[in-house]
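Enquirer: My questions will all concern the structure given below.
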Amino acid sequence: SLCFSFLYSIWILFLLQMGGLTLLALGIWVSSDGASLLQILRPFSKQSTQVVNVGFFCIVIGAALVLLGILGCYAAHKKSKCLLLTFASIMLIIFISEVATGVVALTYTSFAEGILRAWATPALQNQYGNDPAVTKLWNSTMTQLHCCGFSNYTDFMGSNFQNATGGSLPSICCRTNNNTCTPAQAEYSNVQGCFQQILMIIKENASTMGGTAAGIGLLEIAAILVSINLYCHLDNEDS
């Protein structure tokens with residue numbers, strides 16, 4: 001019946017608003033948390049034009065879903081076929097955008113290592129220790145992630161930094177109390193490279209972000225279907 005469709009539509013739209021608030025909160029968390037995935041990847045991502053700012057995207061889409069939930073409830077309450085059709089069309093566009101973003105993200109991760117390595121290796125070899133910005137960036141990354149270089153300590157072998165320090169490597173590459181770090185000590189310490197640490201963080205966050213995205217995607221599909229169903233009921237009522 002029309003009454004049942006109306007109540008069901010309101011319930012789905014309410015869930016959609018809750019999903020939008022969840023996505024909005026996730027985007028704010030990702031953008032503001034200094035230890036979050038995007039904050040760690042941000043130094044690397046500046047070197048690539050293919051990276052999407054997922055935190056900002058989540059905030060925008062989350063806010064849009066909340067507003068669209070309000071629009072959908074208003075359209076259902078007023079029994080406006082025009083607004084229901086507008087709501088369904090915008091929801092479909094958002095859903096397609098989210099799917100496209102997911103595909104881009106998955107495609108990017110498949111060749112991310114090659115892109116990052118192409119920038120990281122020359123930077124460690126030629127700029128670390130000479131360029132203050134690059135040195136600060138890498139020191140911050142290695143300290144935060146407890147890692148050494150991109151792959152491991154060998155990224156610093158033969159570098160300008162090693163030549164300038166008489167053969168020493170950055171102290172973070174050794175698990176010793178000394179300020180100096182020799183290649184032998186670094187090999188014995190076996191500190192992981194930063195890329196492996198980043199992969200671990202991605203895996204830790206993937207289930208949370210993926211589950212949230214899948215749940216909201218299902219809510220969006222349900223909202224599109226119920227709005228079309230209510231539109232059809234109103235169309236039959238008019239005729």
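Each residue's number is its place along the chain shown, starting with 1.
The backbone N, Cα and C atoms fix where each Cβ goes, and this holds for glycine too.
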Enquirer: Based on what TrEMBL records, which one of Cys173, Cys174, Cys181, Cys194 is disulphide-bonded to Cys147?
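Expert: Among Cys173, Cys174, Cys181, Cys194, the cysteine that TrEMBL links to Cys147 by a disulfide bond is Cys194.
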Enquirer: Relative to the Cβ of Cys174 (disulfide bond), which residues of the same chain, six or more apart in sequence, are found under 8 Å away?
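Expert: Result: Cys181, Thr182, Gln185, Ala186, Ser189, Val191.
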Enquirer: For the transmembrane segment (6-30), give me same-chain residues lying six or more residues beyond its boundaries with a C-beta closer than 8 angstroms to one of its C-beta atoms, as numbers and ranges.
Expert: 36-38, 54-66, 68-70, 72-73, 76, 209, 212, 215-216, 219-220, 222-223, 226-227, 229-230
Enquirer: Rounded to an integer, what is the Cα-Cα distance in Å between Cys148 (disulfide bond) and Cys194 (disulfide bond)?
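Expert: Each residue's Cα considered, Cys148 (disulfide bond) and Cys194 (disulfide bond) end up 6 Å apart.
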